[in-house]
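Contents: one structure, followed by commentary.
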Amino acid sequence: MSAISTSSSAGDAARTPERPKRRSFLRLLLRNRLAGLGLVVLAAIVAIAILAPILPLADPNATAPANRLLPPLSEGHLLGTDELGRDLLSRLVWGTRLSLFMGVAATLVAALLGSTIGLVAGYFGGRLDNALMRSIDMLMAFPYILLALAIVAVLGPGLLNALYAVAIVNIPFFARNIRGVTVGLSHKDFVEAARLSGMGHGRILVSEVLPNVMPVIVITMSTTVGWMILETAGLSFLGLGSQPPQADLGSILGEGRKVMLTAPHVTTIAGITIFLLVMSINLVGDGVRDALDPRLSAGALARPAPVTRIARAKNADDAAPPEGSPALAVRRLSTRFEVGERIYRAVNDVSFTIRRGECLGLVGESGSGKSVTALSLLGLVPSPPGVIRAGRVWREGEDVLSLSREKLRALRGGRVSYIFQDPLTTLHPLFTVGDQLVEAIRAHRPASHAEAWTQAVALLDRVRIPAAADRAEALPHELSGGMRQRVAIAMALANEPDLIIADEPTTALDVTVQAQILALLDELRRESGLALLFITHDFGVVSQLCDRVAVMYAGKIVEEGPTQAVLEAPAHPYTRLLIACVPILGSGKRALDAIPGLPPAVDRLPDGCAFAPRCPRATAACKEGEIPPVSVADRRSARCLYAGEVMRAATEGSAA
Amino acid sequence: MHLYIAKRLAALVPILFGLTLVVFFIMALIPGDPALAILGAYATPENVARLNAQLGLDESLPVQYLTWLGNLLQGDLGRSYSLNRPVLDEVLERFSATLILAGAALVLCTIFGLLAGIVSAVRQYGLADKAVTLLVLVGISMPSFWLGLLLILFFAVELRWLPASGMYAIYGGGDLPDLLSHLILPAATLAAVATGVVARLTRSAMLEVLRQDFIRTARAKGLPERRVIYVHAFKAALVSIIPVIGIQAGFVLGGAVYIETVFQWPGIGRMLVQAISTRDILLVQGGVLVVAASYVLINLLVDVLQSLVDPRVKA
Ligand code: SF4
């Protein structure tokens, strides 16, 4: 899971904004091609607007009735003239200057007032927060533009008044966004520390909180400045903003409208200018947001495909199907997460076999690749970024990973089903559990809704849910954690599978419920003779439930064998430590913190044995070359140079 | 469910009360003497004083507010001096025209926004996604008043397919086809920006949901991909899409101001703009109040809808 946890921790980092380094910010911004294009266009427009006074332009207000409504490309008037014969190019440049100024000024005013309200409300909390936010809500009770109109009605039409109106209307966006972030910050250690050191509230807000809130302010500004330009132009268009002879782009458009039928070029040129201006700002704004808050960027939200991407090398020597007819046989499976240049080898050359009716435990720390292994079996690893690069998953003489989409779909939840870790997130929150069961049934065999519902209730009954008929009507959040997991088990049983893959099904539960669920699983398994792949980090659970066990470390199976034999004499130093940190068998939650050090990052695997940095027995030889699995006893193997000695030491240790 | 609606209705009272306060006091802030504005610069001081007394403007502000509120509760919003008719009559008539326009735009932006957003999410990075992303960008960067003018130039002037203005069917003149032919251009214009916003949000909501664990569960139990996307993911995404559609309701109600001006639609937005230029304060007051109150009701509807989709909010 380390690749997954890496990406989610990147998400966490994005949620608590920090000031990024300026150079990397600009680089991020420019990596986005559209944002770069927007920046170029915007820079050009801004430059022209700023340079307006020194550009060789005609007087924008000089009327010339003789020259009225000249078309573009007329002599002396590149873009033609308006209905009073004024030079359109000049008016446009000056209008752009005015519109830009209005939009930016309105944004600054809104940002200043809104951020202040948000900072104060979020920092002080309590009644002040309540009062401020209620007032903000009141502002938001008005439709956006209507409020601006009401304000202009009060202040009277005019340039500055339109600017104030648009600014006020946008205050709530700033206040809400900034308050949200500030609330989160006001209890952070560094703020508490500043408070204890006797710093005044004002100074804390400015020197401790503000810098951390700044990215949010910048994002909100960059996403609202476009609107504000549009809104101020709109008010001018209605005749409520800039007053003649002064004209912003909206006024030019509004005036042009009167002569639209005879001289459409006036409105068209003004319209295109506003459009280009706002679009370039929006492009840059999106770029800024993506750069400052990567979680929101398009790439971070890649949609997982229905089946994991499978891209295996042709000349693999793994093609031979297994002997006999096991429930499942995995051969040399490799699943990787490929994120840009980085490659996380989450599952690395993994092979194992589950015989019919057998329970195999797959044990390892989080990040060992055990869950990714489980998900790979039916192509459920999210991709992007997951890719299955090698291996076969044999079942009934066929390679599951080569099946057609439709056959794979029929297998999923049919003969092979899954139980996942936390049923609160793995059940759909908005459908009743009964409906979710009905769906599972009807995905695999034709049945009317009523028939399927009866079966669903029977299934709930089978997993010992009391008052099953009533509970079927419940939504997942209305049930307890244990009940929810029973529902998930019922769902897995819906189509009488012969193999259930259970991925840490009890980890999210408390100890007593855990024991009940384990007992239920064991009972069901013996009752219907199904095979079980049980994934856990807890050796105690394995010893209760599993016939055989495979131990995973850094994407590889490092030891495999019958549970009893492995427990008595582990052949791999890692297994040995794992077993040692189970204090009481089956007490669950105990993390594997007793092993010093951390598992290696699977994008930077060391040469040789991946466990070497933490291994008490490691020698120089351990750090060279691949360590192949060696057979240490009947149906037992381990990937350790000293497997035999480790095993012997364990036997002697327990004998002693 | 009923309890939830009752609670929400009860919560409306203070909000509506707050609205009347805001609207009244904003208008009371207006500088200058309204009576003078009404009577013109040549009015005698006696006439001004008489009108002030008539309008109750010689009382203190709280008294004025209470009188105003009392009248309001009896359906009396005063009389528009520029139109010389009761404000309420004018406002309701105009507002019904706006509701038709805004309602049509809201329906359009919901349908097309959802469709575009879903297609875009499902075909992420595909051609359709890129096309939608581009259209969304154009839509939200386009000044709606200019888009309206463009559509008039193209469809009404160039092609002569649809009328550019002259919507009077509401007053009993025309029939439904006539109304629709007048409605298409302004409604489409008004919906453009909102469609972009809905599409953008639908896309990201769908993408967000498609990463959730319960989608993996849906796939693990062998549901066809169509069902995974259009039932499981879409229903969960609706939870974050519905509030955005509620916000769009506010945007189209307000944005109608521009569109009504461009298409000469006899709605309340145009009425407000005219009332502002003639300084007809009572008319502005009444118009703002009615639109804002209706927006509050729309928000209530949105919340109820939300609680139907997501029963978890019921509590
Ligand atoms: S190979 Fe070496 S480092 Fe690896 S587990 Fe065995 S003894 Fe330890």
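Please read every residue number as a count from 1 along the shown chain.
Cβ coordinates come from backbone N, Cα and C, glycine included.
Through the fold, the transmembrane segment (B:9-30) approaches residues 61, 64-65, 68-69, 72, 281, 284-285, 288-289, 292-293, 296-297, 300 of its own chain, all at least 6 residues removed from its boundaries and within a Cβ separation under 8 Å. Marked as transmembrane segment by TrEMBL: B:9-30 (among others).
Taken from TrEMBL, the feature transmembrane segment applies to B:95-122 (among others).
Residues or ranges marked as domain 'ABC transmembrane type-1' in TrEMBL: B:95-306.
Within the chain, the transmembrane segment (B:134-159) has long-range Cβ neighbours (under 8 A, six or more residues past its boundaries) at 116, 185-186, 188-190, 192-193, 195-197, 199-200, 255, 258-259, 261-263. Sequence annotations record features per position, and here TrEMBL assigns transmembrane segment to B:134-159 (among others).
Taken from TrEMBL, the feature transmembrane segment covers B:179-201 (among others).
Counting residues 6+ beyond its ends, the transmembrane segment (B:236-259) has Cβ neighbours under 8 Å at 98, 101-102, 105-106, 109-110, 113-114, 117, 144-145, 148, 186, 189-191, 193-194, 197-198, 201-202, 205-206, 208-209, 212, 214, 265, 267-270, 272-273, 291, 294-295, 298-299, 302-303, 305-306, 309-310 in the same chain. Residues or ranges marked as transmembrane segment in TrEMBL: B:236-259 (among others).
Per TrEMBL, transmembrane segment is recorded for B:281-302 (among others).
Packing against the transmembrane segment (B:95-122) from elsewhere in the chain are residues 128-129, 132-133, 135-136, 167, 170, 179, 183, 186-188, 190-191, 194-207, 210, 229-230, 234, 241, 245, 248-249, 252-253, 256, 259-260, 265-269, 287, 290-291, 294: each is 6 or more residues past its ends and has a CB under 8 Å from a CB in it.
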